[in-house]
């Protein structure tokens, strides 16, 4: 293989089990450097509660600038009960929100794939989820999480009022819809756009702009519109009707979590947050497992690293266009599951329980 240019990767292990699962990603990166003539330069730093403990802030300016200079960021997990009582601006999760906003990561990709080896782990019947492969594309930097005005203010009679603003512009909708349509062209060529156009003006605009974009540039892709509450119901009733779902920040947050539980384990599911491409065709991006920091099992060597490793596979695919390497890594995960190896969260009768590091080593062994 031809040696490619040096690529800077910033690892932010974060809190709880984050350092343990990111360590397994680091092992994969070093293996690729040694065996596939890839040239990744790894930097590692603090974000989340661990950063607050050391620096008094969930992410320092220095770390943020490192993120700006990196090809992409690999995040472990942030947060935990230890920091629940901090003021809002100091909470570990603010590091994640700042990275998303300032790196302009507008599209969150959340695959919900049911591994055949684990189909019995789903709460739904096997025939409902077997073969499930959904990609949820969530708009990430607009909507009610970032809209202004916002806040809590006193009003008359000693009451208080909480305010959040839900708004979207044409450009915010169109750019994330383009991501969804482009992904669909590489999958089963179907997009379902979800909103609440029956009661929300922002939802009406969303539906109109997605339809107009489709009619202008993506007529070859099958497009349907669905109210978000109906989508939540359909994900339980008939999830395999979906290919790519595109939706706003709030509904995407909820629907992607719901879809993830169809698969049986959060420990298997990756995510990607993508930004716009510059004139050289490069884009900023951040990759992370969808599971939380799980402080109750931190340090016990029982965390599942598969979601983090598959997140790195997404980085190979979407940030570096290394599809063959991404395919090989995803196949290695499948092969290990076929061998019956399981971390504690996905362990079932007749399978062999392995530690976090042993699972990482087994996956690397399949890359040989």
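Even glycines carry a Cβ here, placed using N, Cα and C.
Note that the structure is a prediction, hence the values are computed from the model and not measured.
Lifted from Swiss-Prot, the feature list:
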type	residues	note
BINDING	80-93, 292-304	NAD(+) binding site
BINDING	100, 110, 138, 229	substrate binding site
SITE	145	site 'Important for catalysis'
SITE	196	site 'Important for catalysis'
BINDING	229, 253, 257	Mg(2+) binding site
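The separation of residue 196 (site 'Important for catalysis') from residue 80 (NAD(+) binding site), Cα to Cα, is 33 Å. A 10 Å cutoff on Cβ-Cβ distances gives residue 196 (site 'Important for catalysis') a total of 21 other Cβ atoms nearby, all chains included.
Under the DSSP three-state reduction, residue 92 (NAD(+) binding site) is assigned to coil, being neither helix nor strand. Within 10 Å of residue 229 (substrate binding site), as judged by C-alpha distances, the recorded positions found are 196; the full candidate list was 84, 196, 294. In the three-state DSSP scheme, residue 110 (substrate binding site) falls into the strand class. Maximum C-alpha to C-alpha distance over the listed substrate-binding residues 100, 110, 138, 229 is 26 Å.
According to its DSSP assignment, residue 298 (NAD(+) binding site) is coil. For residue 88 (NAD(+) binding site), the nearest neighbour among the listed recorded positions (100, 145, 196), judged by C-alpha distance, is 145. If you check the binding-site residues 84, 92, 302 against residue 100 (substrate binding site), none has a Cα inside 10 Å of its Cα. In the three-state DSSP assignment, the secondary structure recorded for residue 84 (NAD(+) binding site) is coil. If you take the C-beta of residue 302 (NAD(+) binding site) and look for same-chain residues 6 or more apart in sequence within under 8 angstroms, you find 343, 344, 345, 355, 356.
Taken residue by residue with DSSP, residue 138 (substrate binding site) is part of a strand.
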